Amino acid sequence: MATHHARRLPAAAAVLLLVLLAGGSAADDASSDDDAGVPPSPGCSNKFQLVKVKNWVNGTEGTIVVGLSARFGASVPRDIHEAQKTFAVLANPLDCCSNSTSKLTNYIAIAQRGECAFTAKAKIAQTGGAVGLLVINDNEELYKMVCSDNDTSINVTIPVVMIPQSAGKKMKGLLDQGARLEVQLYSPNRPVVDLSACFLWIMAIGTIVCASLWTEFVACEQVDERYNQLTRKDGPNSGTTNREDKEIFEISAKGAIVFILVASVFLLLLFYFMSSWFVWLLIVLFCIGGIEGMHVCLVTLLTRICKDCGQKTVQLPFFGEVLTLSVLIVPFCTIFAILWAVYRHASFAWIGQDILGICLMITVLQMARLPNIRVASALLSAAFVYDVFWVFISPLIFHESVMIAVARGDNSGEAIPMLLRIPRFFDPWGGYDMIGFGDIIFPGLLVAFSYRFDRASKRGLFNGYFLWLTVGYAVGLFLTYLALFLMDGHGQPALLYLVPCTLGLIVILGWFRGELHDLWNYGRSQTENLVDEP
């Protein structure tokens, strides 16, 4: 990427984050049940279902445990009112690989994983009269219980559910102490319309529109560069005569391809070497970029609202003359980011993450620019291939989707922060709807370019490109969530839908209007004229 007048260190950190954020550009539903990679067979063709295991100890309700149903056996009810509350008992022997000496009739049996096949455990529990079987895993994962190749006749008519090791040990300990344990198994449906996804859809579109219109409708017309950063004042006329001297990264076609290659290498590094310390490194970088973005947005907004705020300055060592408002806002932004990092696992932490992320993306979309559609085609086409490869094709090579594994933080236990996310408030399974920064910034660069082109060409709202590209992005993002729904929540490469709906749309519109040549070469003549000037 080519840079023009690059002078500020925090902005360099924001660009580094732009490289990092590409690792989270797959929309993913981390809490969905997953049938991929485990083909069904005759008599063993149930769809895997997440199961809620509601439990009571001596009549007192405990914490709901989430389990996973098997490929075989009966399905658990969808409605809690159809699920029966049943007493549970430990199988004896605990592995349930031979006839139990404890009474299982009309009980839900609890057995330990191991020593024999899952189908064998289920048949023995069923023969003993059990009405269900809970299998305690040997770790916290929910292992997919399938049939073995030797199972030729499977006639299991009771539900079989895998539960995590910690929950199983707790249940076993209570039963060993003589407590009465009751359980209720059910698997509620997710809502057809996910309102949280609608809110996320609005946030993503709003971020792009806000970033595109920011300079004209938010930034002051006559504003000193000092509002933007703690920078030295270059001269008495630096604010008005050198406004274009602010940092702008104009992306080149070659730089776009290199960027995607570097992002791919970085994604592989995250996939293989992601750990808790690596996550902390990403968190620190995200906080730096978020502080920079929030500082720029707040100072710009306040200066726009209160003109006098942009007049008071103070002399600082090294920085020289800077706005007093800028100095006062830096601690607020820093404290905000630190508090988010400390409480990032809290239920409300998504609010702070989204605020920092939106501010960062608005700032990046002000700083990085596409000069024309030629460069946009190189960048978005490469990003399109990148997204599709690392989500859909990488499982054929790495046995799992690299993009989704990195976004979920499978190797570190924590998702990367370069995501906008909203809790599923109306989903009985909880979880988050997420969208990676790359799915907003890459198309956002093109939408912002279309607005600049419309302004330079003095076009109206309907005969320009900005409105139609905004609508195209909205449609593309809608198609992404529709694909998520149709694919049962399996992660989708959002750019698969967003690139055709934005880049494809502007190319078709430009060709139809006879303006494709102007869009393709926009800015090149101006650049050549600048180079020829003494």
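Any Cβ shown, glycine's included, is placed from N, Cα and C.
Bear in mind that the values here come from a model prediction, so they are computed numbers and not experimental data.
In Swiss-Prot, Ala74 does not share a side of the membrane with Trp520; the two are on opposite sides. Stretch with the most C-beta contacts under 8 angstroms to the transmembrane segment (378-398), considering only 348-368, 466-486, 492-512: 492-512. When the alpha carbons of Asn58 (N-linked glycosylation site) and Asp439 (active site) are compared, the span between them is 50 angstrom.
By number of Cβ pairs under 8 Å, the transmembrane segment (348-368) is matched best by 199-219 from the list 199-219, 251-273, 466-486, 492-512.
With a threshold of 8 Å between CB atoms, the same-chain residues lying at least 6 positions outside the topological domain 'Cytoplasmic' (450-465) that come near it are 212-213, 216, 369, 506, 509-510, 519, 522. Broken down with DSSP, the topological domain 'Lumenal' (487-491) shows 0 helix, 0 strand, 5 coil. Candidate recorded positions: Asn99, Asp387, Asp439. Nearest to Asn155 (N-linked glycosylation site) by Cα distance: Asn99.
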